[in-house]
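Asks: To start, I am sharing the structure in question, which I have written as structure tokens.
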């Protein structure tokens, strides 16, 4: 076997995957089954046993962190570097930088992020006299992404079926989007901009339209590997399929039960049908879990078994020593639930548990509020994963924008820095400059330099603009022989940025952040001495979404999606209620697929736990949401025999379970009825204590009729339109068949 590879530490399933022959291979890797080890050792095996050169191996991951970790582990195993192991976006940048000229772009492409898109769209909204509210612009960015992922053109946007996909009801709104999209694409093409959707879409277009380009890249690689294959969308899958079509040497690793990114375009059929699309596929299923205890896995196995999956598996724990039964708390409300969580966390900390081995997971960010309050009340330090990242901080964005401007007079970056620090160049004046640029077909910097010719601008404003133009020219002249971090230092001093920061109450932190940016640039220069400023800027654009998932000191709060790929000794899965997990919105979009995806989300949450798993719900009438909150159906699917159930205390330590079943049981215990008629009265009383605070437009669910929307109210009578029925129905507001829906 291969030099440097210790096959003895692999179980039979893992060894089978690592040492398989060439050809298409699908590895179904359950949570905690050693997926990364299998991928790493497969690469090592290809090099040492199959004699494939490292530069002829192409590996796709979904995060920079995963790519870096895999490179490091391969290096430690056999002492070689894998140059083409990266994210889809990073690899596509390399391809486009060589061959995008086939599509009439310049090879020196400039990658724009969401903030850049927003600035560009504001200009387009101005041009089309559309109100430029931030929520509308952000929604437009999402719609543009949807349009690109479907390869729609302007006419496709107007199609009724496509309008539904884009969530556009009004035809006039569709026409506006079509106009915006056309100008957006034209502007990006003129300025040599590509957004993140373009990176993959334009690469696919290159391969599909230019066979010689596809053949060039097919011939470059002998073997392709894909991590987290369940998260691929159709365009990514098509890209992989084209690259692998010639040699069929494709090794994909994923878990259908952890597919939780359908909102990003991931589709279940891609992994489920892989062996049909690639004939003679070898399928290996990894079922030995090295992370969790068997009681934790029992909850996860029972839950996910309810899904319709092509590859059924029952995870088995490698560690058979620990037998802590997962705990389930039934809270009487969210505050009660949050207080219990905080108290339990405090006990764990007092017992010596490291704070960074405690994670609290929720389906949606809004659920964290009461937990945060309880954590603060107990003086427990915590971090919410997903707070503002380094490259999203304003001072860092300013410095990057300046760097883009002095590098190649980047248009969008001018808009950010022209008045940062303040230069008394007013918005009206700048509008005159932009219109002058459009009318005279000039780039923005050219229009600024020609400000003397612009008769709409007064002399004071002209002087301010020329001072700015001369400043940029001066920096560009002086930076010629400087290294990247030295250019930043030059900018920092020339624009007097520190004085600007000192005006801020958080000046010290901001100055430290800029210093950290300089250090990061110096490290980049040391690692990549031959790279240009543009190379650095593109690397930053690719890393803007890089995860920072490690906290050294604090308890971690995060959404389940942010927890993907992580593991902790102690995990709290909170808000196990109908409406939260599963989410009403997800179920509304697709009742069957929606529930299955929500179940997968819960499965991912449960399988983050290594030693102790805590699940909680808050069963009550929520006055703010004006709805009854019920226990999640997933609790029943897990099975009460797999959980240690705790009912929160209420008054004389009596459990308070705000469900109809519990309500009736309490009445029975208090001898409120001794006949079926009395039971009916008690049941009716449960609903009649409610007040009619429904509103037109509210969404409800009926036990027989399904989902509905209130379209009329007459006293106690609601007129409800149900999706399953043509004619609306009239029902009393307090009828026991009606329940409000959250969200």
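Just so you know, glycine gets a Cβ as well, placed from its N, Cα and C.
Sharing the feature lines straight out of TrEMBL:
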- 29, 30, 31, 32, 33, 34, 35, 36: ATP binding site (BINDING)
- 8-293: domain 'UvrD-like helicase ATP-binding' (DOMAIN)
- 294-565: domain 'UvrD-like helicase C-terminal' (DOMAIN)
Asks: For residue 35 (ATP binding site), what residues in its own chain, 6 or more apart in sequence, show a Cβ-Cβ distance under 8 Å?
Replies: 27, 29, 227, 253, 255, 286
Asks: Rank the binding-site residues 29, 31 by the number of other Cβ atoms within 10 Å of each Cβ and report the first-ranked residue.
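Replies: Comparing the binding-site residues 29, 31, the most crowded Cβ belongs to 29.
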Asks: These are the binding-site residues: 30, 32. Which one scores highest on other Cβ atoms within 10 Å?
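Replies: Ranked by Cβ atoms within 10 Å, first place goes to 30.
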Asks: Counting across all protein chains present, how many other Cβ atoms fall within 10 Å of the Cβ of residue 33 (ATP binding site)?
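Replies: I count 25 other Cβ atoms within 10 Å of it.
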Asks: I need the least crowded one of these binding-site residues (34, 36), counting other C-beta atoms within 10 angstroms of each C-beta.
Replies: 36
Asks: Taking DSSP as the reference, which of helix, strand or coil describes residue 30 (ATP binding site)?
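Replies: Coil, per DSSP.
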Asks: In the same chain, outside 29, 30, 31, 32, 33, 34, 35, 36, whose C-beta lies within 8 angstroms of the Cβ mean position for the ATP site?
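Replies: These residues sit around the ATP site: 38, 255, 286, 289, 290, 291.
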Asks: I'm checking region-level scores; what's the whole-number mean pLDDT for the domain 'UvrD-like helicase ATP-binding' (8-293)?
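Replies: The answer is 92, the mean pLDDT of the model over that range.
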